[in-house]
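**Q** First the structure, then my questions, so here it is.
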Amino acid sequence: MTTIKSIACHVRLRPPSEKDGKIDQEAIKIEGDKISALNKDGDKRYHFKLDKCHDTESSQQEVFDCVKPLVEQAYKGINTTIFAYGVTGAGKTHTMQGTKVEPGIIPRTVEAIFQQRSILRKSTLNVSFSYVEILKDEVYDLLGDRSMPKKRDIRMSGEGQNIVADLVRQHINSIDEFSEVYDAAAKTRKTASTKLNSSSSRSHAILTLHIEIIDNSDPMHSRIGKICLTDLAGSENNNLTGNDKERMRESSAINTSLTTLGKVVDALNLNAQKGHTESGGVFVPYRESKLTRLLQDALGGTSQGLLICCLAPGETFARDTINTLQFAKKSKAVENRLTVPEYSSRQASAPLPRLSKPINPDATFKVHSEPLPSGAIRSIPGRMALATISANARPIRSTNNRMTRAEGDKENALKGMTDEQLDQRIQKVVSQQIAREKELCQALLPVDEQSPVPFVLDKDKNTDLMSTEEKENRARVIVSHARKAHYAGDLQQALSLYRKALEYAPTNHRLATRITELELSLEGILPPQRPYSNPSIRESKSGIKRSHAHMGSLAEMSYEESPLKKEKLR
């Protein structure tokens, strides 16, 4: 059953402090679920109606009591995302994390889960969590090695969800066990002092609780839920924070990601107004930021969302208060499609990466780690085995709908391999394939065309004296030979020829893009790619593919889609 539900929006106003500037008691008014705020000049009042408004007297428990109903939906298998939003120093980290004396939403959520676990009789509840931060638009694992942190990639799971690769997931059996690991990890999150906040968060932090409820009467069936608790870094006005160069770079990344978050919300609302709920509407820029990619499920996806907007009183933050409330109003219109899943069959899988040793909160945080010595290999403890990956792969079947014995043996061999062994095997297969393709290409070429540069350029002829048609013809000939070198795997020769062709066609953007891709491939930043297929390339009598395309297609290359991708497209 699918239910359409909008993002719930709460607001919390923190008590005033010395850094808030002049305080006007009438600037922000809260009456039930309605809140109004004056602009900085004090001549206009903005009114908003949200789901819940907390004033300066609200306690941590009162805030959590309004959050708890959403948390309990995770027991039914409905994913939940709760994120705190607001200007720097507005109390987001206090609301989400809290202190030992006044714990916030995160520790109270874990405590509520274990209270629910203690009263279960007909089922078993397993809990684990992961913890990441997004610093300068790069994802780091807060449960991983903090002395040599590694940037984590965001990938698409088999269920179509954005996930962080090679992430440590820590299983916990009590609130004390969680607190020990979480408190140490939270201390390694990047913070710094500014004029507006003595412990300003320089990164977005996302803690994800994974809940699995197993039916004791049928242990092979379970229900899985996820609670994503996000403490967003606050937007900053660098004229007020007094940031240095490093803080400025961090602030720029924070503001850019929050701007992208606003663009995503605007695009979703615009599509909803035009009736485009699935496709054909305005492009939603999820991929412009790592933050919006990880929050995509809560922004127009299948997860129920709760936005807690934290406000700071005072004249200093008057403009930010209006902006925050306007963002809450727009977010409230975003609709998610919630699906209540039935119990699903459990499948045995390899263990996830786990925390192998206690976290050292005093460890130095190095964003850019030192390069390893030549030939050294860094081992990654607890890497996930291939079993869970190959379990989702669709085997290639023979015409009689049964796998051959050789195919079965190959699949069984792959299941027992680690990621490092798999990478080595893939590199070996790719190298063999490139060598075979190079031999095949050379075999197809006539003897007079197998030289490194099978034509002579008129170097003395000035290109300014050539007509446009002559330049295009010359560039087309050079590109055709560059393709042959590229297809044969000679990237250096292909790059040299493409650059020469660009001299005759300097306005060809595709050709310039292909040169950039080859340069990055030779530097090892991008993997080598085969030429893309071009419908205008036809087979000649000699068996060589020749291009008769317009200049706009000179840099088009050809490649074959993987069988696995073709299978997904069917």
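Just so it is clear, glycine is given a Cβ too, placed from its N, Cα and C backbone atoms.
What you see is a predicted model, and the numbers here were worked out from it, not measured in a lab.
For reference, TrEMBL lists these features for the protein:
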type    : residues                                               : note
BINDING : GLY86, VAL87, THR88, GLY89, ALA90, GLY91, LYS92, THR93 : ATP binding site
DOMAIN  : 6-334                                                  : domain 'Kinesin motor'
REGION  : 529-570                                                : region 'Disordered'
REPEAT  : 475-508                                                : repeat 'TPR'
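Relative to the rest of the structure, where do these features sit?
**A** Residue density at ALA90 (ATP binding site): 27 other Cβ atoms are found within 10 A of its Cβ, drawing on all protein chains shown.
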**Q** In this predicted model, what is the average pLDDT of the repeat 'TPR' (475-508)?
**A** 85
**Q** What's the most sparsely packed of the binding-site residues GLY86, GLY89, GLY91, counting other C-beta atoms within 10 A?
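**A** Across GLY86, GLY89, GLY91, these binding-site residues, the one with fewest Cβ atoms within 10 Å is GLY91.
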**Q** What residues, ordered by sequence, lie under 8 A Cβ-to-Cβ from THR93 (ATP binding site) and sit at least six positions away in the same chain?
**A** ALA84, GLY104, SER199, SER201, ASP231
